[in-house]
Amino acid sequence: MATVPEPINEVMAYYSDENELLFEVDGPKQMKSCTQHLDLGSMGDGNIQLQISHQLYNKSFRQVVSVIVAMEKLRSRAYEHVFRDDDLRSILSFIFEEEPVIFETSSDELLCDAAVQSVKCKLQDREQKSLVLDSPCVLKALHLPSQEMSREVVFCMSFVQGEERDNKIPVALGIRDKNLYLSCVKKGDTPTLQLEEVDPKVYPKRNMEKRFVFYKTEIKNTVEFESVLYPNWYISTSQIEEKPVFLGRFRGGQDITDFRMETLSP
């Protein structure tokens with residue numbers, strides 16, 4: 001059985017104390033003597049010690065020497081126990097240095113635009129006025145006779161990305177079979193409600209722009225829709241017949257902000 005060489009012989013194979021040289025494949029290089037004992041004794045008895053300079057040393061050479069010494073020791077010893085993961089981990093931790101891996105990600109990249117949940121519904125204000133598309137981009141509130149109830153707008157209410165708080169649920173309101181969504185924009189200094197045409201290949205989506213998003217709040221048997229972009233501004237109707245639906249800031253007054261919602265079957 002092969003025997004482990006004496007530590008002094010192992011050291012002399014790589015280091016000359018007299019000339020302060022570290023011998024490499026390409027020839028000797030002058031180095032200042034500053035040595036350290038590296039202990040591989042965790043593998044068992046018969047420790048092997050290796051002297052390596054801390055200044056101007058070749059890191060790759062040190063790794064090669066470490067591997068050679070470790071493997072020679074493993075080959076030369078007859079182990080009483082099975083080689084375990086901890087033994088390999090001890091060798092690898094001696095050879096390699098751990099460095100943290102930093103991942104840089106953008107929160108926007110983490111947003112998932114998977115299938116958007118939505119429901120179809122109709123809205124009437126508390127005065128039972130229906131919402132009707134009067135022209136391509138104008139939504140009005142008026143009383144409809146029973147034979148004209150088919151004129152009522154059917155909304156596709158999508159549940160979108162946003163903060164849910166105080167029973168307020170972020171939603172977007174699109175018109176069924178139309179590429180139109182209710183949105184809030186500022187005209188002058190006043191927030192205004194409008195119908196905005198969108199690309200059907202893109203909308204609806206989970207991460208809707210804030211101008212499209214409203215907080216839906218249920219109050220008894222009615223619902224309110226508050227603009228996320230302009231807090232305390234609500235989808236409103238007028239007491240006057242056939243007036244456009246608008247964005248108002250007064251609740252419980254002349255402006256009507258509460259609606260009855262009828263959910264339709266899929």
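Cβ coordinates come from backbone N, Cα and C, glycine included.
Sequence annotations record features per position, and here Swiss-Prot assigns site 'Important for interaction with integrin' to LYS168, LYS178, LYS187, LYS201 based on similarity to another entry.
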Looking only at C-alpha atoms, tell me how far LYS187 (site 'Important for interaction with integrin') is from LYS168 (site 'Important for interaction with integrin'), rounded to the nearest Å.
26
Using the alpha carbons only, what distance in Å do you get between LYS168 (site 'Important for interaction with integrin') and LYS178 (site 'Important for interaction with integrin') once rounded?
26
Hey, how far is LYS201 (site 'Important for interaction with integrin') from LYS178 (site 'Important for interaction with integrin'), Cα to Cα, in Å?
13
